[in-house]
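Visitor: Pasting the feature list from TrEMBL:
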DOMAIN    4-116  domain 'Ig-like'
DOMAIN    123-216  domain 'Ig-like'
SIGNAL    1-15  signal peptide
Amino acid sequence: MASKKVLLLLGLAMANKTMDTREGEDVILKCRFNEHYSDREYSYYWAQQSPNKYDNVAIKGDTFNPNYKIDYRPNQGIYDLQIFNVSYARDNGRFECRIKQIGSDNAIYEDYYNLTVLTPPQPPLIFPGSETTATEDKKQELTCSSVGGSPDPTISWYREGSTTPLAANLIYGGSRDMQTTSTLTIIPRREDDGAKFTCVVWNRAMPESQRLETVTTLSVRCGHGSSLLQQRLN
């Protein structure tokens, strides 16, 4: 049986809430209010906002998708939306519960929250690759990317032997179809020849103890082109 998750919405103009779910689950979004607004004087609706659309999904007791169902009892302060068989393509985004007085554009009750359909990210890739050739004292960028995560994954860089994350420029993809990237900029020194840098990826779809990792090894060349390791061997 599909599991059910519940988010209770109380009060006016609350801050955005985040609710996590997964493909195939059923979700109940409870919109509750203390005042009892007659359906003869007020209009009720649920709407959904995503990057490419803003649509009403229910007006009063009517829904516009067979996977949605409304528990419409305004005289008891209840206006709940149930979503069956959650899917990322249809349901990932921000949902809004609103009550308006008929004939007015002003909402007397409204609430918002974000429904995140969890998807784990793909294994990370490093550019230039598993081995990076750099020039001593010349700026070098290492870019790590991952596609497919919902929500966008975090990407962290570490130098071998250290548990402190390195400062890097993180750019979120914005959807599971886009890549999230983190670019680490370094100025290689002589002592950095052979150093290993690890890219670590994680999002909330993964167990807390799990991480996706990949490593690149730095080969530092001096100004005339040979690597410092080759110089030492010669």
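Cβ from N, Cα, C; glycine included.
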Visitor: Reported in the order helix, strand, coil, what are the DSSP residue counts of the domain 'Ig-like' (123-216)?
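Guide: Per-class counts: 3 helix, 47 strand, 44 coil.
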Visitor: How many of the residues that make up the domain 'Ig-like' (4-116) does DSSP mark as helix, as strand and as coil?
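Guide: Split by secondary structure, the domain 'Ig-like' (4-116) comes out as 7 helix, 67 strand, 39 coil.
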Visitor: Over the domain 'Ig-like' (4-116), work out the mean pLDDT and round it to an integer.
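Guide: The average pLDDT of the model in the domain 'Ig-like' (4-116) works out to 85.
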